[in-house]
Amino acid sequence: MVIKLYGSAMSTARVLVTLLEKELPYEHILVDISKGDQNKEEYLKLQPFGKVPVLDDNGFIMYESRAICRYLARKYDSGTKLIPDVDDHEAYGRFEQGCSIEYSYFAAAAETLGTELVIKKYKGLGEPDMTRVAQAEADFDKVFFEYDKILAKQKYLTGDEISLVDLFHLPNASALKAFGYQGTFEKYPNVNRWFSGLQARETWIKATAEAR
């Protein structure tokens, strides 16, 4: 059976790019958040928290985008190798460390900026908290400062081969570039080279076109 991916817009982009890198056939099923599809009883049977995306792999149901990507990378040998072998302890340790940094430091800062500067305005939730914005901008800059040192020595964040750690950054970092933070990327030449390369990958171009 073909893998089914439930979601809407950019919520599915992280999983889509992983499916495309792994060269896996899939069916993309729209969940229209604007119409409240995520709160319907049928969908809540798949994702009890009412969030997107959800993966159905021949009856095996998973949610949370990063967990889905890890599952796909571990299960399927096709396409790009995106996760190290668990018996390569140092490589796997670097991989898990990179995943944790992306989620705890980078995504946390990026999502705070998105909430304060975009979502609040869109949903009519008042003015942005500029104290939170300033702290998130400082945190974002710190991550790129450290990344630039790493990327001066290697092509990707965990070595010279691409991994999920790199792909995990694509949705939030692309949004930051689009919403006025291009200068932060350009401030760090190794980061800018790395991320420009990620955005130019055919799989990401296809994923973003499909996720719109």
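Just so you know, the numbers here start at 1 and follow the chain as drawn.
Glycine is no exception: its Cβ is also placed from the backbone N, Cα and C atoms.
Model, not experiment: these values are computed from the prediction.
Features of the protein shown, as given by Swiss-Prot:
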- Lys51, Val52, Glu64, Ser65: glutathione binding site (BINDING)
- 1-80: domain 'GST N-terminal' (DOMAIN)
- 88-212: domain 'GST C-terminal' (DOMAIN)
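Residue density at Glu64 (glutathione binding site): 16 other Cβ atoms are found within 10 A of its Cβ, drawing on all protein chains shown. In the domain 'GST N-terminal' (1-80), the DSSP tally of helix, strand and coil residues is 34 helix, 18 strand, 28 coil. A simple way to gauge crowding: the CB of Val52 (glutathione binding site) has 22 other CB atoms within 10 angstroms, across all the protein chains here. The Cβ of Ser65 (glutathione binding site) lies under 8 Å from the Cβ of Ser11, Thr12, Arg14, Val15, Pro53, each on the same chain and at least six residues away in sequence.
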